[in-house]
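Peer 1: Residues or ranges marked as domain 'Major facilitator superfamily (MFS) profile' by TrEMBL: 226-408. Residues annotated as transmembrane segment in TrEMBL: 60-79, 86-105, 111-132, 153-174, 180-198, 229-253, 265-283, 290-312, 318-340, 352-372, 378-399.
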Amino acid sequence: MSISSVKVNKKTMSIWRNQSFLILLSSTFLLSIANRIYELLLPLILLELTNSSVAVTTMRTSELLPNLLFGTFIGVFVDRLNKKKLALWSIGLQAGLLLCLAWMLKIETTLLAPYYLIGFLLMTFNYGYFNAQVGLVKMNIPPEYFNSANAKFSFIETFVSVMGPVISGLMLLLPFFYNGLLVTAFAYILCFVILFRLSHQSESRRQASSGFMADFIEGWNAFKTNKALWMMTMFIMVLNSTMVVVQTTVIIFAKIDLGLTSSKVAMVISAVGIGGMAGSLLSGKLRKSWGLGVLFGVSAILHTAAYLLMYISNNYHTLIIALFISGMATSFYTVCAYTFRLEQTSPELIGRISGITGTFFRVGMPVTVYLSGWVMNVWGAAPIFLAAGLVNLIVFLAYRKTFLWKLK
């Protein structure tokens, strides 16, 4: 498959007249609020319950396992099913699980296994929704707007990531932890109502008679014959492993090593969102100027700088600067990774390619996150930040020598 840059229509504002885009953007906005509150609250809740880094990373591992166990094949189901219905079911089930989690906190359940199970199921349905959403974007937004649309999705997510920690901090000031989870569940329910209004275009779905394995093999062959896509996927696989470990570690580091209160931790983490917002505003212009390949590489070197700065941090001021840089780098990285995948994939294969690449994106996460908990338990957070920075530097040096660097 040829590699071609996206041609941006001169009438850039016309995308705002696309009702499907507005509905998808609104649902992304609500889910970003819900996810951000949940992602910040749950580690802090587990730290309050156990004061154990291992418990927090075990919870995070349970959330990552569905991608590893089901990710490769979930795309086949996505391509066979109506993507709008799949997205709605995924959102509704997540809302129900969050209500169960809030109830567990209300009755003060201290047994950790139910928390791990709910985390596992939440991410299973979340991953199903994510794959369906990729297909919805592909089918409802004109191809010339993919880069612009992804930049706006990223901007919305990072804008919310600024407000999410603030909201989480306010929730932590309330007498009960489960209030934040109730807000999250309500956001999912509201998202369900909005997405229900999407005038979904007709889909060209695989018939059941074609065979499950035949569908999977078709997607796998399309993936492995696209050299640019699978090479980029391998780099993302390594970078994601470091990113998710740092995201989990930095919360524990701020709470335990720096001694910040839960509400202050939430406020400090908002620096990621501010950096991400800046990155979203710049990503479109930088891609036009530098090209997608260079921008992706720059994200790796910025992550290197951020992680090494975290390594030497001994106060929250330095940590805020590091988190700002990390947020900007993550924004560049996300826009490049997902825009490139959309550009390289035909609509009838988007579910399978998203499932296959999504599995590779996350294959290293469960192991690295779980091991990081034990490393922190013995040596603290500093070795993790140092290792993550060095890995990103090595990846950048290797990536710089490939043809991906010249992608436009």
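Just so you know, glycine gets a Cβ as well, placed from its N, Cα and C.
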Peer 1: Using Cβ atoms and a strict cutoff of less than 8 Å, what residues sit near the transmembrane segment (60-79) while being 6 or more residues removed from its termini?
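Peer 2: Beyond its ends, the transmembrane segment (60-79) has Cβ neighbours at 43, 86, 116-117, 119-120, 122-124, 127-128, 131-132, 135, 205-206, 212, 215-216, 219, 244, 248, 348-356, 358-359, 361-363, 365-366, 369-370.
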Peer 1: Tell me, what is the mean pLDDT of the domain 'Major facilitator superfamily (MFS) profile' (226-408)?
Peer 2: 91
Peer 1: Any contact between the transmembrane segment (111-132) and the transmembrane segment (352-372), i.e. 3 or more CB pairs below 8 Å with pairs at least 6 residues apart?
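Peer 2: These two stretches do touch.
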Peer 1: Who are the long-range neighbours of the transmembrane segment (378-399) in its own chain, taking Cβ under 8 Å and residues 6 or more past its ends?
Peer 2: 235, 238-239, 241-243, 245-246, 249-250, 252-253, 257, 296-297, 300-301, 303-308, 310-311, 372, 405
Peer 1: Please report, as numbers and ranges, the same-chain residues at least 6 past the borders of the transmembrane segment (290-312) whose CB is under 8 Å from any CB of it.
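Peer 2: Distant Cβ neighbours of the transmembrane segment (290-312) are 5, 232, 235, 239, 242-243, 246, 250, 253, 283, 318-319, 321-323, 325-326, 328-330, 332-333, 335-337, 339-340, 381-382, 385-386, 388-390, 392-393, 395-396, 399-400, 404-408.
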Peer 1: Any chance the transmembrane segment (229-253) and the transmembrane segment (86-105) have 3 or more Cβ pairs under 8 A, given the pairs are 6 or more apart in sequence?
Peer 2: no
Peer 1: By Cβ distance under 8 Å, which residues at least 6 away from the ends of the transmembrane segment (86-105) in the same chain are close to it?
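Peer 2: Non-local partners: 31, 34, 38, 45, 77-78, 114-115, 118, 121-122, 125-126, 128-129, 132-133, 136, 176-178, 181-182, 184-185, 188-189, 191-192, 195-196.
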